[in-house]
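Novice: The structure's right below; bear with me while I get my questions together.
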C-alpha cells in the first residue's frame with residue numbers, strides 16, 4: 001500500500017486547544033516581558049509565592065479526590081497496573097536465562113497491552129549485575145490521578161504525532177518508544193528507523209566515478225503551495241494526478257502544532273514533566289553513587305579500548321570555520337610566500353594578483369598575527385550575533401573571506417578546498433575523529449547546486465572522515481530587498497528543484513548525483529534571536545504569495561523545508577538512493593516555539609539550550625530520544641556562560657546529547673578542536689570516562705555515517721536499543737550504563753502506557 005500523509009481539518013481541533021495555541025503565539029509575538037512569556041512554559045521554582053500557590057492548588061485537588069468513590073476505584077486500578085509494570089521492570093538473573101531470541105524492544109520491560117503475557121521473555125543479551133533503584137507505589141508521581149491521566153495521555157499523543165512525521169520523512173524514531181505506543185502488540189519493523197546513507201567507496205574504488213548513475217525516469221516536477229509535486233508524465237500533470245508519494249498538508253501540520261503548543265502550557269502536564277525530570281536527574285545521581293566503581297571496573301577490563309580510541313563525530317561544524325585561527329593564518333602566509341603574483345580576482349575587467357589584494361588592504365601577511373587576524377570570538381560577541389558574523393572576515397576584510405573561505409570565486413574555491421583537505425587529512429591521521437561540515441546553499445539561483453558539486457569533484461574534497469550537510473541560511477529578506485528573488489517560493493524552488501531533477505534524471509546531472517552520495521542532511525541556520533511579527537498558521541500566505549521584504553518566521557522555514565525533504569526522501573527511497581535528515585539549528589536563542597516546530601519536523605537539532613525553559617518539551621525530547629548536538633564553548637561566547645550550560649544536566653537525565661565544535665576558527669585554540677571540547681567539558685563538569693564514551697557513542701549514532709560504518713565502529717547490533725545494541729569492545733561504554741539508560745526509559749514510557757491501558761480497562765468495565 002502506498003505511503004500517504006494522513007490529513008486532518010481545523011474542525012478536528014478542539015476549541016480550547018486552538019485558543020491556548022493562539023495565546024502562546026500572541027505572547028511570543030508581542031515580545032512581552034521575557035519572564036512573563038517563559039512563565040507559560042516553566043514551573044515556578046524560583047518564586048516562593050508561585051510555589052506556595054501551586055502546592056495549595058494540588059492539596060485542594062488531593063482532598064477533593066479523597067472524597068470521590070470513582071477516584072478511589074481508579075487509584076486502586078492504577079496501583080494494580082503499576083505493580084504489574086514494575087514486576088516486569090525488575091528482571092532477575094533467572095528470568096534472563098535462555099537463548100538470545102527475544103526482540104530488543106520487548107526487554108527488559110514489555111509494554112502492557114491487552115492480551116499480552118505478564119512473563120518477560122529470555123534476555124537478548126547478558127544482563128549486567130548492578131544495583132538498581134526502584135520506587136514502589138509510584139503510580140502518579142505525587143500528583144492527582146486526574147492530572148496524571150491527562151498528562152500521560154497528552155504526552156503519548158504528542159509522541160504519536162512526532163512518530164508520524166518521523167516515519168513519513170524516513171527520520172529516526174526509537175523503536176522502544178514506538179513499541180510502548182503501539183496498540184495490541186503491533187510490531188515495529190526494525191528497518192523503519194534506519195535512514196539510508198550511501199556507504200563509503202571501497203579502497204579500490206574511485207570516489208569521483210560518474211559512471212554509476214541510474215537511468216533517467218523523465219518525471220515532471222511542479223511546485224504547488226511551496227511544495228514540489230512529482231508527475232509521471234505530461235498527461236498526469238494536466239490531470240493534476242501526482243506520482244504516488246506522501247505529500248504534506250499544511251492544515252494537518254497546523255492542527256498538530258497547535259496540540260503541542262497547548263500541551264507545553266498545560267499546568268498539570270508541566271508539573272508532571274517537571275517532577276519526572278527531577279526524578280531522572282536524582283535517579284542518575286543515585287546510580288552513579290552506587291555503580292560508578294562497577295562501571296569503571298567494566299571499562300578497565302576492556303582490552304585495547306579507551307576514550308582516545310573510540311570513534312567521535314563532530315556533529316555540528318561549519319565548513320567555513322572548520323580550521324582553527326592559527327591554521328588559517330599559516331595558510332594565508334604560505335599562499336602569499338609561494339604564489340604572490342598569481343591572479344586571484346577580477347574587478348571591473350581588471351585582473352588582480354594576490355600581492356595586489358594585500359597591497360589594497362595596506363598590509364603585509366608577514367606581519368599578521370592571530371590577534372590582528374581577528375577571527376576569534378570574545379567577550380564583545382556575547383549576545384551580539386552581528387559582531388559574531390563579522391568574525392568570518394579575516395582582518396575585517398570581506399575580500400579575504402571571499403578569497404579563502406568561499407567555494408565560488410575567481411579561483412573556483414581552490415584555496416578553501418585546500419584548507420578543508422588539510423583539515424580532513426588531520427582527521428584521517430587521528431583515525432578516530434570524524435566531522436560533518438556544513439556547506440551553504442542560499443537559494444538565490446538554481447545553479448548553486450551544480451557549482452557546489454563541481455567544486456567538490458574538481459578539487460577532490462572527498463574524505464572518508466567527512467560527511468557533508470547543506471545549510472540554508474534564513475536570509476530571504478536580504479535577497480528580496482536586493483530584488484534577487486520575486487517571492488519565497490522561488491527560493492524554495494532554487495533549493496530543492498535541482499535535487500529532484502538529479503534524483504529523477506541522474507544521467508543528465510551526473511556531478512550533482514555523485515555529490516549527493518556524500519550529503520547526509522540539511523540544516524537551517526541564522527540568528528534565532530531575530531524577532532518575527534508573523535504568526536505561522538493556515539492563513540499564512542503560501543510561499544509563492546510571500547512577496548514582502550519581511551523574513552518568514554522560523555516555523556514557516558522549518559515546515560516548508562521539511563515538506564520538500566519528505567517528498568524528496570520518499571522519491572529517493574523509491575529509486576534506491578540515499579536519503580537526507582533534517583538537522584536544524586534550534587533552541588539556541590529566540591522563542592520556545594522553535595523547539596515545537598523542530599519536535600515535529602527535525603530528525604535532530606543543534607544547541608537545544610531553551611529546552612531548559614520548558615519541562616514538557618524537555619521530557620518529550622527525552623522520551624522520543626531526539627538527538628541534540630551541543631556546543632558549550634560556542635554558547636559561552638554567544639548566548640550562555642559555560643557554567644550555566646545544561647549539557648551535563650541533559651546527559652544525567654538521559655537525553656541523547658553529543659558534543660560538537662560549531663566554529664573552531666572562532667572558539668577553539670588547538671589543532672584538535674573536538675578533543676578540546678571534550679577535555680574542557682570533562683574538567684569543568686568532572687565527567688567520567690564512561691560519560692565521555694557515552695557522549696562519543698551518541699555522536700556516532702546521531703551522525704550521517706552509513707549503516708556499515710556504524711556497525712564497524714559501534715558493533716553489529718548498534719541499531720538495537722539498550723545493552724543489546726552496545727559492544728563495549730568498540731564503544732567503551734559500560735553495559736551497566738546502557739542497561740540503566742534502557743530500563744529507566746522503559747520505566748518512564750510505562751507510565752504513559754499504564755494510563756492508556758487504564759482507559760481501556762475503564763471502557764471495558766463500563
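Just so you know, glycine gets a Cβ as well, placed from its N, Cα and C.
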Novice: Pick from 249, 256, 662: which one does Swiss-Prot list with 316, 318, 585 for the same Zn(2+) site?
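Specialist: Site partner of 316, 318, 585 for Zn(2+), according to Swiss-Prot: 662.
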Novice: Tell me which of 89-114, 115-140, 141-166, 167-192 corresponds to the region 'Disordered' entry in Swiss-Prot.
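Specialist: From Swiss-Prot, the annotated region 'Disordered' range turns out to be 89-114.
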Novice: Cβ atoms within 10 Å, counted per site: which of 316, 318, 585, 607 has the most, among these recorded positions?
Specialist: 316
Novice: To the nearest whole angstrom, state the Cα distance for the pair residue 318 (Zn(2+) binding site) and residue 663 (substrate binding site).
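Specialist: On Cα coordinates alone, these residues lie 6 Å apart.
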Novice: Highest Cβ count within 10 Å among the binding-site residues 662, 663: which residue is it?
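Specialist: By the 10 Å Cβ neighbour count, 662 comes out on top.
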Novice: For residue 665 (substrate binding site), name the DSSP secondary structure in the helix/strand/coil scheme.
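Specialist: Its secondary structure by DSSP: helix.
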Novice: Just checking the recorded positions 607, 663, 665: which sit within 10 A of residue 585 (Zn(2+) binding site), CA to CA?
Specialist: 607
Novice: So which other residues, same chain and not among 316, 318, 585, 662, have a Cβ within 8 Å of the centroid of the Cβ atoms at the Zn(2+) site?
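Specialist: Surrounding the site, in chain order, are 317, 438, 523, 525, 606, 607, 629, 631, 634, 660, 663.
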Novice: Please give me the CB contact count at 10 A for residue 665 (substrate binding site), counting all chains in the structure.
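Specialist: By my count, 26.
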Novice: How big is the Cα-to-Cα gap, in Å, between residue 662 (Zn(2+) binding site) and residue 607 (active site, proton acceptor)?
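Specialist: Distance (Cα to Cα, whole Å): 10 Å.
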